[in-house]
């Protein structure tokens, strides 16, 4: 009877993750197209999708790899772009995923979507089979879509240019959604200022310079407000 | 085309950092809950990082060249406008990219 129970849990996982899978199909296709258009071999597309498995970072990574960016720049960019994942540990039901190997996979595949789908009060009682199947189905669909996108990318004639604007649009849209959390303009304005300053300092290294300036400025502002509160 | 070993190393570096960010916090949940600095950064970092990434993808736009800055400005405005209007990520990305591809392809063909 345990097999039947596991099968039910896997089916339940699929029902939970299905809407998220449908939603990422266009993004996966776009990533595959981008890999091919950036001049990387088509088979890097599924490798990238399977091994990194962090949507927006993968889009950025394609550009970094195509530009032959230094590995240190890739590491620091990944750290800052994916820093939000640190907080997913606070609510993700990893205690339900027993066994070292399963725990390793579950943390590896802790995407924004996996976090969002398990951020419900009921998830603290979900079975390992259900949690892992949510993550694994999403992983499988993502890699398949990116692979299909790479195939699609090879069909696009070279006269069509500018598809990489999808990456800009993705970051702009994610930025607008992140803005809605606080609806405060000084922070995005500060970031834009850091980006412009960084381009003026060095176009080549603008990403690291801008992110470094921005995080440093945030930490400074934090310490200044704490000190002001203490003095007051 | 970049060297295959370099691409593999880049992918592994990004994967290792991502996995670290996802797995290590489970070993330090208590200090994570208590850190006010982390909570402060968590609220403010995402919007700023996205602004910087968007700017990074546009770093080679030439402000003096109308065929470079024109399509970018129009597509950017459309993406932001559609996102504020409908709040549908895929629609905004699709609309902005479609307009950019048409304008940039026409500019490339005629220039």
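Heads up, the Cβ atoms here are built off N, Cα and C, so glycines get one too.
Quick look at what TrEMBL lists:
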TRANSMEM  A:12-36  transmembrane segment
TRANSMEM  A:42-67  transmembrane segment
TRANSMEM  A:136-154  transmembrane segment
TRANSMEM  A:160-178  transmembrane segment
TRANSMEM  A:185-201  transmembrane segment
TRANSMEM  A:207-225  transmembrane segment
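Between the transmembrane segment (A:136-154) and the listed ranges A:12-36, A:185-201, A:207-225, the one holding the most Cβ pairs under 8 Å is A:12-36. When each of A:12-36, A:160-178, A:207-225 is scored by its Cβ pairs under 8 Å to the transmembrane segment (A:185-201), the top-ranked stretch turns out to be A:207-225. Outside the transmembrane segment (A:207-225) by six or more residues, the chain places 73, 76-77, 80, 187, 190-191, 194-195, 197-199, 201 with a CB less than 8 A from a CB of the stretch.
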